[in-house]
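Per TrEMBL, the features are:
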type	residues	note
ACT_SITE	HIS191	active site, proton donor
ACT_SITE	GLU319	active site, proton acceptor
BINDING	ASN89, ARG90, HIS191, SER192, TYR193, ASP257	beta-D-galactose binding site
SIGNAL	1-24	signal peptide
Amino acid sequence: MPSKINLLICVFILHLWAVNSVTGQNVGVYEIKKGDFSVKVTNYGARIISVFLPDKHGETGDVVLGYDTIEEYKNDTTSFGALLGRVANRIGGAQFTMNGTLYKLVANDGVNTLHGGIKGFSRVVWNVSKYQQDGPYPHITLTYHSADGEEGFPGDLLVSVTYALKNPYKLSVVMKAKALNKATPVNLAQHSYWNLGGHNSGNILSNVVQIFASHITPVDQSLIPTGEISPVKNTPYNFLKPREVGSQIKELQSGYDINYVVDSTEKMKPVAIVYDEKSGRVMDVQASAPGVQFYTANSLNQKGKGGYVYQPHAALCFETQGFPDAVNHPNFPPTIVTPGKAYVHKMLYTFSITKYWNSY
Ligand SMILES: *[C@@H]1O[C@H](CO)[C@@H](O)[C@H](O)[C@H]1NC(C)=O
Ligand SMILES: *[C@@H]1O[C@H](CO)[C@@H](O)[C@H](O)[C@H]1NC(C)=O
Ligand SMILES: *[C@@H]1O[C@H](CO)[C@@H](O)[C@H](O)[C@H]1NC(C)=O
């Protein structure tokens, strides 16, 4: 009997989601699904709210941190699963000069701008423009019109993100932006917090990580890049060979929170591989962006799904993106998007299962 009631409630909730997908502006939850692989997304901040994957025993588990309700996402300060913009990461002094004009942005991280400002793109409601729950190409496309002057950024900007599932166990994220009338900096990033052992399985310090990057962009005390590009060789930042995340973390103040310069010059670049021994889950990250912010959730202390409290190092983030504060560093790859030239940032997560790291 209780399961019948649950089913009725489910059908009712699914009906609400369907209504929301038509009206667009309302906040809803949308699932895309391929067998035992499923991802839930909300149009509040274009956020990924769950990723279910099988482990080596065939048991599915949720491998991203998050909340049970949209109300909690509205209070969120961690950016769990968010699509960040107009400019992800930090802009020093909350300002930049472009073609001789000084642009003042909203400061929300001391004197700096972090993740696009107070609302950025992660605390706004996106439109749902395409949605296919299952079948050969489960996907959802969300769009957002960012107005001229929003958070201090110049020009209207049309942004979209498509989350799609591909065989076998691939999640593709395609972020696009089009400047409608003025040149503007754009740096979109996906900010999921990954714990391949399960969102409520404790810390990730024993995960084995490899990052395909020989250099980082060092930062000052307020996490603004100094402009240097320095080698990882002989530092705790060296993940060129796979090793446990926690093996040198104590040499850092609180953990990893740094932009790596990805080595590959291919269109889709190998970025990182993570292996969790307990579950056997492996995540391979590729992206078209030149950098990746590697973050080990250093300051986390947040009640999340099922009331579980996420502590520091409960997850790993691989925020592929342009370099932080690129607008103030002419030696970094440019992030200015001009009208008529589209911005595209592609990511591909490939998940697999292995019993032994060596056999991967
Ligand atoms: C959101 O934050 C407010 C203020 O701190 C709090 O009163 C409220 O309970 C929070 N809501 C949720 C759903 O956590
Ligand atoms: C800067 O100004 C030059 C000359 O007016 C123009 O060609 C160029 O597109 C401008 N660049 C940006 C980023 O606005
Ligand atoms: C959503 O779509 C409507 C209709 O096209 C448009 O007027 C509105 O600006 C869009 N909202 C956002 C947030 O992009």
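The backbone N, Cα and C atoms fix where each Cβ goes, and this holds for glycine too.
Unlike curated records, TrEMBL annotations are generated automatically.
Cα of the residue listed as 'active site, proton donor' to Cα of GLU319 (active site, proton acceptor): a span of 6 Å. In this structure the residues listed as binding beta-D-galactose are ASN89, ARG90, HIS191, SER192, TYR193, ASP257; their two most distant Cα atoms lie 18 Å apart. Over all protein chains present, the Cβ of ASP257 (beta-D-galactose binding site) has 17 other Cβ atoms lying within 10 Å. Cβ contacts within 10 Å of ARG90 (beta-D-galactose binding site), excluding its own Cβ and spanning all protein chains shown: 23. If you take the C-beta of ASN89 (beta-D-galactose binding site) and look for same-chain residues 6 or more apart in sequence within under 8 angstroms, you find LEU114, HIS115, ASN187, ALA189, ASN259, GLN293, GLU319, GLN321, PRO324, ASP325. Just so you know, the Cβ of TYR193 (beta-D-galactose binding site) picks up 27 other Cβ atoms within 10 Å once every protein chain is counted. For the recorded site, TYR193 (beta-D-galactose binding site), the DSSP three-state label reads coil. Remark: SER192 (beta-D-galactose binding site) has ILE48, VAL51, VAL64, PHE80, GLY81, CYS317 as non-local neighbours, by Cβ distance under 8 Å and separation of at least 6 in sequence.
When other Cβ atoms within 10 Å of the Cβ of GLU319 (active site, proton acceptor) are tallied across all protein chains shown, the result is 25.
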